[in-house]
Amino acid sequence: MDFVPFFLVLLFLFFLGLLERSGSNGLGNYSAKVDSLLLLSLLALVMLAAFRSVGVGSDDEAYVTIFSKIPNVIDCVDLLCGYDYKEINVEVGFFEFLSILHLLGDGHLTLFFFAALIAVFFNLKSIQFFSRTFCGSVLIYFCHFYLAKELNAIRIGLATAIAFFAAKYLYKGRHALFVALVLFATSIHVSAALAFLPAILIWLAPQRRMLIFLSLGVVILSMSIDLSKVVTPLIGVDFLSEKMALYSGAQEYNYELSLFDVVNVRNMILIAFGLVYWENLKRFDSKFQFCFYFFLGAALFRIMFGDFAILAGRGYAAISMFEYIVMPLMFEFFLGRKLGYVLTFILAALTLSLNLYISTGWSGGVPYFG
């Protein structure tokens with residue numbers, strides 16, 4: 001694959017981060033500056049996703065095929081447009097989205113452009129709301145989950161972007177709107193429903209000592225019991241039970257994630273520092289506690305279900321958005337604004353290189369330009 005476009009976007013985002021830190025940073029000036037940076041970031045990320053050849057993402061061909069099979073909404077004879085999950089194997093919200101999308105075009109460019117536009121926009125707006133270092137968070141988003149979602153699993157990308165945006169309303173106390181948006185996201189990809197798990201933490205608002213006990217308890221429990229085998233039989237929704245059984249019976253999905261794999265170790269380090277410096281971080285950023293609850297819920301889910309990698313990985317991908325916020329926040333807290341951003345960029349560059357050259361499960365191996 002031609003990786004030049006990815007590194008050009010990485011450098012462009014880094015340059016935007018330098019602009020973010022330049023000049024006057026009064027509240028009004030900074031807000032206007034971030035609005036401009038958001039538009040520039042949106043343009044770069046949407047264009048990178050839209051103009052890729054089919055097969056850059058490993059799921060591209062499957063989604064293009066599904067898109068070609070779904071009728072144009074104006075040709076539908078009923079409200080659901082003949083939707084049948086067993087036949088098309090996507091959730092009804094995504095089915096309806098593709099049906100409406102046919103009004104704008106039938107080719108893969110239409111699919112890739114509008115899926116990316118919606119997903120990237122909601123991600124960037126959420127980052128703008130929650131992050132104190134906008135471009136640092138965009139770099140963390142770009143180097144991994146942008147590749148895995150917006151360039152590959154576009155259905156989960158759309159769903160999790162909406163769930164991320166919904167979290168803003170949870171923070172503002174508009175719980176009904178949060179629930180409605182998460183349910184809508186769930187209609188696009190069912191894994192978005194997992195956003196309710198960290199929301200429970202936020203509603204309960206446990207203090208530091210309870211979070212320490214919870215974290216240690218999950219780690220110990222994960223080493224003692226295969227929780228996926230306990231939870232799976234309790235799922236009452238037929239298609240979920242069938243999908244879980246399919247995954248558990250397929251050799252390519254039925255493997256374990258080590259408790260001490262790179263992502264878990266990184267997350268446990270962030271959790272440890274977050275809990276040790278709990279009060280200081282809360283004073284440093286008023287949104288830290290909310291963001292940390294969400295991040296902790298995602299990290300513990302991944303550890304808890306590590307015996308079933310597909311569940312742990314996809315579940316974490318569905319609710320891991322706050323790693324974009326927590327990581328650069330902590331780097332800035334410990335190292336300062338400039339050095340924190342440099343470390344964020346170095347980590348993003350290393351992660352991007354790892355995903356392009358080694359951990360290529362997201363990629364279909366097709367050259368970017370076809």
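Cβ coordinates come from backbone N, Cα and C, glycine included.
Pulled from TrEMBL:
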type	residues	note
TRANSMEM	37-54	transmembrane segment
TRANSMEM	103-123	transmembrane segment
TRANSMEM	154-171	transmembrane segment
TRANSMEM	177-204	transmembrane segment
TRANSMEM	211-237	transmembrane segment
TRANSMEM	257-278	transmembrane segment
TRANSMEM	290-310	transmembrane segment
TRANSMEM	316-335	transmembrane segment
TRANSMEM	342-362	transmembrane segment
Taking contact to mean 3 or more CB pairs closer than 8 A (sequence separation of 6 or more), are the transmembrane segment (154-171) and the transmembrane segment (316-335) in contact?
yes
With pairs 6 or more apart in sequence, are the transmembrane segment (177-204) and the transmembrane segment (342-362) linked by at least 3 Cβ pairs under 8 Å?
no
Could you give the residue numbers and ranges of same-chain residues that sit at least 6 residues beyond the transmembrane segment (257-278) on either side and whose C-beta is under 8 angstroms from one of its C-beta atoms?
208, 211-212, 215, 219, 222-223, 292, 295-296, 299, 302-303, 306-307, 309, 312-313, 316, 323, 326-327, 330, 333-334
